[in-house]
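Have a look at the structure below before the remarks.
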Amino acid sequence: MDVSNILASHAAKYQSVTVEKETSLDVDVGYLTVVDPNPIDEDSYKSNLEEHLQSLARDGIQSLLSSLFTLPTKSSDDGPLAQLPPPKIQLPRAKPLPKPKPPTKWEQFAAAKGIQKKRKDRKEWDEERQEWVNRWGKDGKNKQTEEQWITEVPLNADVDYDPRKVAREERKARVAKNEKQRQGNLARAQGPSSSVADTNPREQRKKEITKSLSSARISTASMGRFDKKLEGEKKIRGVKRKFDANEQPVEHEKNASLALLSKMESDAKKTRAAPPSGDGVVNVRKAVRFASKGQGGIALGRESSGGSTKRKQGAKRR
Amino acid sequence: MLRTVKPKNARSKRVLDARMPKEVEDVRTAIFVKGTHTGEVLNGVMKDLMALKRPAAVSFSKKNDIHPFDSASSSTSTSSLEFWANKNDASLFLVGQSNKKRPNGLIFVRMYDGRVLDMLEVGVEEFTGMADFKTPKSTPGHKPLMHFASELFDTHPRFMQLKSMLMSFFNGEEVDEICLPGIEHVISISLAPTPPSLNTTSDTPTSLPKVHLRTYTIRLLSSGTRIPRVELTPMGPSLDMVLRRHEAADAEMLKQALRRPKLKKKEVEQGLGKKRKNMEVDEMGDLRGRVHVGTQDLSKLQTRKMKGLKDDEERPGKRSKTSS
């Protein structure tokens with residue numbers, strides 16, 4: 001039996017999917033691009049341009065497709081999806097790389113203490129109603145006290161004590177606090193000079209010009225008194241002095257005096273006003289106050305050392 | 001300078017957020033601008049190139065007095081391009097301009113961060129439009145395959161720029177997966193034979209070989225193996241072009257533009273980035289390493305201790321006896 005025919009046809013078929021070139025083709029599958037680094041053959045170029053270009057392209061695309069079809073695939077509704085490797089050729093980006101967001105104060109603290117982020121569910125289980133309710137928003141769990149029809153009033157409450165109003169105010173205060181902290185984080189992220197007038201170059205220039213003009217106007221011997229006035233020129237206005245009212249409530253006066261006294265009297269107050277040292281992630285003063293239950297650091301140290309000595313004595317006696 | 005807008009509602013906020021820089025970028029949008037005069041040829045060229053680039057393409061239908069290479073008149077050169085780029089969130093331009101000195105000129109402009117990165121002008125010499133080929137066309141929006149043929153694309157700076165520009169134009173999007181039946185067409189860029197006089201210093205446009213841009217649709221025939229056999233059918237447009245003026249990218253800006261995002265831990269484990277020796281991930285996904293120990297010094301090997309094998313120097317008492 002002569003199989004040479006079959007073999008030859010098979011070889012022809014097989015050859016058609018492989019490409020033999022002097023220098024192997026440079027395939028970048030990530031960008032679906034193939035670069036043929038072989039010099040162009042002058043004879044075939046001159047004899048029939050279109051055919052030459054098409055055969056060149058066919059060879060290149062054949063080798064690109066061979067590497068494409070050997071990639072691992074995922075199946076999808078539209079057909080197999082080839083998983084492309086990252087591209088080799090570097091193309092310039094259209095926009096700069098995104099800047100990482102500066103961490104919020106809480107994120108800094110959480111990172112320092114190793115606190116993992118926990119995602120809270122939007123819904124919360126209501127034991128009484130035996131169903132899932134919104135944590136906030138419409139019929140939110142956080143508004144439960146405000147909306148329930150009967151609420152317990154503490155024993156020593158005022159006559160006009162309104163538990164619904166109190167609960168509502170507490171909730172509003174929480175929201176306001178959160179908003180304030182958010183604004184603080186935004187301001188910190190923007191850096192020290194955050195106001196619009198400081199950053200906008202036009203505003204800056206305007207400010208500068210006004211400043212130098214006003215200083216030029218009072219720079220003559222008479223401080224600008226006998227200068228020729230231009231039409232429409234305005235008088236320079238300085239800072240207006242302000243006085244307190246002659247008669248004030250006693251409360252105001254008392255508060256002002258107390259504030260002054262406390263400022264003068266104690267060094268402790270001064271140190272508190274100074275920015276905390278260290279990395280600023282943990283408020284050490286607050287932590288000590290919390291741990292010692294308001295007794296202070298010395299009391300905390302005394303307590304820990306005293307406790308241990310007592311135990312030691314007990315051991316000796318035994 | 002464009003006013004920075006603070007979004008007033010959620011929809012405009014979403015739009016502005018979509019324009020923010022991203023780690024993996026979207027496809028570059030191209031704006032097709034007509035100069036003061038474009039002939040019939042250029043109109044056809046731009047229409048067909050836009051058909052290839054669609055849907056990431058914006059067409060400016062009116063004429064614009066714009067000369068990107070004419071840096072003396074800054075009002076008509078790059079500043080309007082930068083303005084348009086910001087307005088349309090586009091980072092590519094194709095400006096068509098035909099005049100007596102430079103007939104049928106096409107200017108490719110690439111932007112980085114709202115500023116012009118580099119520019120490249122080609123003159124169209126021959127053009128056959130898409131409509132002149134009575135063959136099937138590709139679906140708009142499908143990614144083309146690209147083919148570059150000549151050694152000059154790896155060696156000559158002008159052609160390296162051309163290659164990079166055309167890749168950014170047609171294929172610059174990084175994708176992790178592609179639907180294999182969706183591969184429909186090819187853009188092939190080939191050069192005329194390299195003249196022997198050409199080297200990297202001779203920059204006169206006449207000595208540079210011609211550029212042939214052809215587009216084909218792909219037919220996949222079964223070959224008996226997993227890899228199909230490819231046949232190409234001309235689709236159009238086909239362009240023969242010569243290189244003209246160019247402006248290379250500013251080195252500092254290019255360095256900025258070529259920055260890559262930091263690799264994720266997972267990608268590094270897959271073997272990207274720095275070459276890691278002696279480490280591999282096995283089939284179970286475990287990281288395995290090989291440790292190489294230096295040559296052992298066998299002379300210091302501790303073997304079984306026997307009195308008779310001990311050196312004389314180790315027993316000074318005995319040596320003193322023998323020496324005395």
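Keep in mind that glycine also has a Cβ here, set from the backbone N, Cα and C atoms.
In TrEMBL, annotation is done automatically, which means it is predicted and not curated.
The compositional bias 'Pro residues' annotation in TrEMBL covers A:83-103. Residue counts for the compositional bias 'Pro residues' (A:83-103) under DSSP, helix first, then strand, then coil, are 0 helix, 1 strand, 20 coil.
Positions annotated as compositional bias 'Basic and acidic residues' by TrEMBL: A:122-146 (among others). Summarised by DSSP class, the composition of the compositional bias 'Basic and acidic residues' (A:122-146) is 6 helix, 8 strand, 11 coil.
Long-range neighbours of the compositional bias 'Basic and acidic residues' (A:161-182) within the same chain, counting only residues 6 or more positions beyond its ends whose Cβ lies under 8 Å from a Cβ of the stretch, are 105-106, 142-143, 145-147, 151-154. The compositional bias 'Basic and acidic residues' annotation in TrEMBL covers A:161-182 (among others).
If you look up TrEMBL, you'll see A:200-210 (among others) marked as compositional bias 'Basic and acidic residues'.
Same-chain residues lying 6+ beyond the ends of the compositional bias 'Polar residues' (A:211-222) with a Cβ under 8 Å from its Cβ atoms: 236. According to TrEMBL, the compositional bias 'Polar residues' annotation covers A:211-222.
The feature compositional bias 'Basic residues' is assigned by TrEMBL to A:309-318.
Positions annotated as region 'Disordered' by TrEMBL: A:75-226 (among others).
TrEMBL lists A:293-318 (among others) with the feature region 'Disordered'.
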